[in-house]
Structures are given as C-alpha cells and as structure tokens.
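Asks: Sharing a structure with you now.
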Amino acid sequence: MKALLIVGLLLLSVAVQGKKFQRCELARTLKKLGLDGYRGVSLANWVCLARWESNYNTRATNYNRGDKSTDYGIFQINSRWWCNDGKTPKAVNACRIPCSALLKDDITQAVACAKRVVRDPQGIKAWVAWRNKCQNRDLRSYVQGCRV
C-alpha cells in the first residue's frame, strides 16, 4: 500500500512539473513550429530566451506583485497583455487564449502567442530576459550540435 502511495505521489509531481525540454529537443520543436527566422529572430535567440525565462519548463509561472499579473509557460508570456487568466486586472489578451494554454507540454499555442508578441513594435525586446541574457551575445551554443 505504501509503495502505491509513493508511486501516486511521484506521478502527481511529474504532472505538476510539466515538460522540461532538453535544449536540442526544444530547438528542433521551435524550428518545426516555424520560429527559426520569424520576424528576423534566429532560432538561437528563441532557445536562449526560453532558457532564461523558464529554464525550458512548460509549466513555469511567475507572479508579478506590482501589476498583479503572471508570466506563463516556456516563454513566460504575461497575463497583463497576452493571455487571460481570469484574475489579472485590465488584461488585454492580445493572443486571445487562456493562460493555461501556455502551460501545456504541447507548445504550439505558446509559439503562436510568442509570434504575436514579436509582431508588436518592441519585437523580441519585449522580453527582459532576452535583453539581459541574449541580446548582442554569441548564441551559437544554444543550437550547437542540435542538427537544426
């Protein structure tokens, strides 16, 4: 009985953690979903962004006390502007999706929303982590050995 309980708890913890991509697995997935070169943003920039925003974790969330918004998913897309979580005041929901869609292991909707973000005038600069960790850096290591 104890063993069954332990197995159940382990399965629950895996379900809560979501999918944590490996670097090359993410690079291949993003390429397949059309992010390589989208709006002039290289695949290496997208992988770098995901590394520093979520550590490649689809279930990452971060609450922002200042404006009471939350960042969701592998790209940490914000509920103030891009998705609806039902609790962020004055949310815009420009991607027209529930924020929960950004937490799925299948990142198709997260990629579609990220494409929407970079179509705005700020482009990829909308992400602070990209500006701080990826901008003007040699990013080849993010796709090196990935055969993409």
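Glycine is no exception: its Cβ is also placed from the backbone N, Cα and C atoms.
Note that this is a predicted model, so its numbers are computed, not measured.
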Asks: Tell me, from Cys99, Cys113, which cysteine Swiss-Prot puts in a disulphide with Cys83.
Replies: Cys99
Asks: Candidates are Cys113, Cys134. Which one does Swiss-Prot pair with Cys48 through a disulfide bond?
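Replies: Of the candidates Cys113, Cys134, the one Swiss-Prot pairs with Cys48 is Cys134.
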Asks: Give me the non-local Cβ neighbours of Asp71 (active site): same chain, 6+ apart in sequence, Cβ-Cβ under 8 Å, ordered along the sequence.
Replies: Glu53, Ala60, Thr61, Asn62, Asn64, Ile77, Asn78, Ser79
